[in-house]
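Peer 1: I am attaching a structure below and will ask some questions about it afterwards.
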Amino acid sequence: MGVYITIFLYAVTTSVFFPVFQSLIFYKACISLSNSTDPEVACISREAAAKDEAVHSLANIILLTSSTGLCITAFVTSRWIGQLSDMKSRKLAFLIPFTGLFISDFTIIIQVIWPRLSPYYFIVSEVIYGIFGGYMSITSGAFAIVSTMHSDSKERAKAIARLEGTISFGSMVGFLISSRLEVTGYLGMASFFIVAHLIAFVSALLMKDVVYHEPEPESTLLDGEPKKKQFSLCNGASQLFENKSPTTKCNLRILYFSFAISYFAFIGSTRILFFYLKHKFYWGAEKYGYLKAINQAMTTVMAMLAFPALKNAGVTDVRLAIFGLATRSIGRAWYAIAWDDYAVFGVVCFEMFSKFPATALRSLISSNVGEHERGTAFSLVAGIEAVCNLTSSWVFHITFPLSLKFFPELSFVIMPVIIIPAIVLMISNLRSLESTETSTEALTSPEVQDDVDAEKAVLHHVPTETDTLTDSSNSTL
């Protein structure tokens, strides 16, 4: 229960942070470029500098640079934290990023108290957070904990869906809170970050660590002592693909590629959507918060109720992932064709399925690796998130300001197009991806598990060829 409370509070603050942080950067960028004798007052209105390309450019440059700093540092440290999760403790790895989060919170408060400070100091805040693993390590740590709690692939998929639903519910609450920015002010929001993160940290600290069972090593040294796992920053991903069948390696590559494409489009829209709606329809944090809150409310329902119901009905993770990718692509395109600010809310019909791709793909990845490898597997997902965050920031924070002069919707035309290859790839490999999922479910059924346990009692001393559930199941086909 502790992991759900922690991730809920973190999701709340993250959803508050995005619109408030972007609004604060835009506000400080306006102040730094203003010729007014009282820029704090001149830049506080919603329409102030909404059409000013110089302010948009400066705000996007700051966000781009801060995202770059966060992603580069977190890409390195999140892989180390993922291996720490596998080798030492899931709980310890989960707690580390919160240290950087606290430090980052205090730097933001300083920026709020002194609004005329250079907005470039925001970059320092993000780099500090990245040094401690960033948001990638928090999310990957939570999914590693939840996936380790269940050996059955169907129950594991439901648990991941519940965690995704918790994130969506927290995001809904967070966006509702962010819509009250004009009432609480930037200082009130920054103080809220610290309090919520402190409660989340205490919740994670008090939760019981997850115990997982590592299989016997495949081989032993001449003196009879088992080989020790290598704790290496560079070898984590390569070790994940070792001793896998060609089919499993292919499946993992497809799954990671599809996750990367989906996340690239998602995070790209997250980075520029506030500025896009502000430019096109003069939106502020209030209306943006309402849109995201409604979207997250529907996403929570779909993740908590619809996804498990579809799993109980026999729909595979692969098909759910394909459906989610398709609706995500349509949702990105909807922003481009929305004709007024009320039409924008129609995107909820497609965005409410936004948790399907991530939930299904994470479940499939965990089914293709062993229980003792899931920390590394999800840390690789975190690394992909960091790379996609970095590349999408560069692509869209540069493309969007340039497109304002001739076609502001350009970014939301690019996003749906780049999702199509992932959909095509998963459809063309549907049978291979589904065979792994169904064979893992067969292995974890009660009848088969009794036979497996009886066999292990007799043959436990025989070294197995592989140490993953996927490869063991493939060998019986």
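In case you wondered, yes, glycine gets a Cβ from its N, Cα and C as well.
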Peer 1: Can you check which of 228-250, 343-365 TrEMBL lists as transmembrane segment?
Peer 2: 343-365
Peer 1: Give the one range among 93-114, 159-177, 289-308, 377-400 whose Cβ atoms make the most pairs under 8 Å with those of the transmembrane segment (120-147).
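Peer 2: Against the transmembrane segment (120-147), the leading stretch is 93-114.
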Peer 1: Sort out for me which stretch, of 7-27, 61-81, 93-114, 183-206, has the most Cβ pairs below 8 angstroms to the transmembrane segment (159-177).
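Peer 2: Most contacts with the transmembrane segment (159-177): 7-27.
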